[in-house]
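What follows is one structure encoded as structure tokens, with my remarks underneath.
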Amino acid sequence: MTIAPIQLDTYKLGFIGAGKMAESIARGVVQSGVLHPSRISTAHSNPVRRSAFESFGVKVFSQNQQVVEDSDVVIFSVKPQVVKDVVLQLQPLLSKKKLLVSVAAGVKLKDLQTWAGSERFVRVMPNTPAAVGEAATVMSLGGAATEADGELISKLFGSVGKIWKADEKLFDAITGLSGSGPAYVYIAIEALADGGVAAGLPRELALGLASQTVLGAASMVCQSGKHPGQLKDEVASPGGTTIAGIHELEKDGFRGLLINAVVAAAKRSREFSN
Amino acid sequence: MTTAPIQLDTYKLGFIGAGKMAESIARGIVQSGVLHPSRISTAHSNPVRRSAFESFGVKVFPQNEQVVEDSDVVIFSVKPQVVKDVVLQLQPLLSKKKLLVSVAAGVKLKDLQTWAGSERFIRVMPNTPAAVGEAATVMSLGGAATEADGELISKLFGSVGKIWKADEKLFDAITGLSGSGPAYIYIAIEALADGGVAAGLPRELALGLASQTVLGAASMVCQSGKHPGQLKDEVASPGGTTIAGIHELEKDGFRGLLMNAVVAAAKRSREFSK
């Protein structure tokens, strides 16, 4: 049985769960011109959430059922604890003509597909910087999701950052790295600012320089196509200030602490799955 | 004696030293529309460097003297070891009608002003991510540089990233943080990728996620206006994967290592100044 492709020019997108992640994705999709807001809908009873979406042209229904009926692509963006009940409740309306997507952390395709009675599911793991259009996102295609379905999802999530495709069995490791990673960077930025203050800078300048320096360095890695080790070599001049700083990091195992963090977070994610 | 203001609509900009930093700044200025390339010049004998600049419309003279004569604002972007000789050689042409700028790391305003015979100097400390338009830059005004001169320089360097103003006595600390800081982040990105590989990810995916995650987190700090500690609190849910990762960093003094790096690099910078 051939799966009917989603019509790219006319498909409608619905969000089940009108929280921060849904808002970030919807805003990104509209701002980048991928979809006109009239093609997007969600549902919420809370007037604050309603107006958050209505303010940029998204339609807000009263009930999730109306969103599903109106949509060809349905993104489940409710909290992981409630996604099972929500999908089961909507199951009668989830025909195989619809492409279903879940962004619920830790919820497996096998279960989503059972609850929905449909294997045309794509599991997507974005991270919180979707809010500023710089997410690191990974997707995994379910049993009946097509290549074209994957490209459609790629385009949607590409409007809030970068997206990769991977086997679902890698999702615990991905959680440990891109899911939890932003927190490690927030700590690093605060510590760099503290270092600046220790060296004599006023706090506001130290924090501004710290965050912009991390942003710039990450941009260099993302855009230059060079290995980070090579970029490091290029800026560490003989006997200079940079290699003096690097020496402090290396002698006390800075790299190992970050490896430990990713591994521990991935391990905790696996424990949740069991 | 009033210092004649630089005419914003018509001033010409010249680079003494046509290396990578000059190229990054010139490209940023042109791409952002701050100046038309016909208002920018430099000098170099090497045909590769000539064509690098000519390729985006910048004029390339054979001699530095011609650049100075043609320019109202002159940026000295030669290596620190040669800036003294270069400024002394051009001194007869450096009238007080010209605004002089140095980006030479570790070279003080007092010395620049003596060599130039002019106090209308601004010392600027950018960092290497100027190459991708995300520099963290700090400037310090010399004895006869006006507020308007400072705003002009702000606008030029604002086209390649963010810029702050600070007292020159803070420049060693700034070197330790934003000058050398990118290297600490290159190491962090490589370590995060290694963590991903340790947790089971293929290298290419791990490195892509690591760099995008750092970019996204830094963007969140820069754009949200929230304290990094607050951003960390918001993503560390009870008993979750993120706090498990954070615990690994905190128990082994991750923050302290970054402070050590900034302080050591600042100390090395001070040693150079003596």
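FYI, residue positions are counted from 1 along the chain as it appears here.
Backbone N, Cα and C define each Cβ position, glycine as well.
Owing to the predicted nature of the structure, the values given are computational and were not obtained by experimental measurement.
Copied over from TrEMBL, here are the features:
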DOMAIN    A:12-106  domain 'Pyrroline-5-carboxylate reductase catalytic N-terminal'
BINDING   A:I16, A:G17, A:A18, A:G19, A:K20, A:M21  NADP(+) binding site
BINDING   A:N64  NADPH binding site
DOMAIN    A:168-271  domain 'Pyrroline-5-carboxylate reductase dimerisation'
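A map of TrEMBL features onto the structure.
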residue: A:I16; record: NADP(+) binding site; DSSP class: strand
residue: A:M21; record: NADP(+) binding site; DSSP class: helix
residue: A:N64; record: NADPH binding site; DSSP class: helix
Between A:I16 (NADP(+) binding site) and A:N64 (NADPH binding site): CA-CA distance (Å): 6
Output field, NADP(+) shell: CB within 8 Å of site CB centroid, site A:I16, A:G17, A:A18, A:G19, A:K20, A:M21 dropped: A:F15, A:A22, A:E23, A:T42, A:S77, A:V78
Residues that sit under 8 angstroms from A:K20 (NADP(+) binding site) by C-beta distance, when 6+ apart in the chain: A:A131
Protein Cβ atoms within 10 Å of A:A18 (NADP(+) binding site), excluding its own: 25
Fewest other Cβ within 10 angstroms of its own Cβ, chosen from the binding-site residues A:G17, A:G19: A:G19
Tertiary neighbours of A:I16 (NADP(+) binding site) (same chain, Cβ under 8 Å, six or more apart): A:T42, A:A43, A:N64, A:V67, A:V68, A:V74, A:I75, A:F76, A:S77, A:V78, A:V86, A:L90
Arithmetic mean of per-residue pLDDT over the domain 'Pyrroline-5-carboxylate reductase dimerisation' (A:168-271): 97
All-chain count of other Cβ atoms within 10 Å of A:M21 (NADP(+) binding site): 24
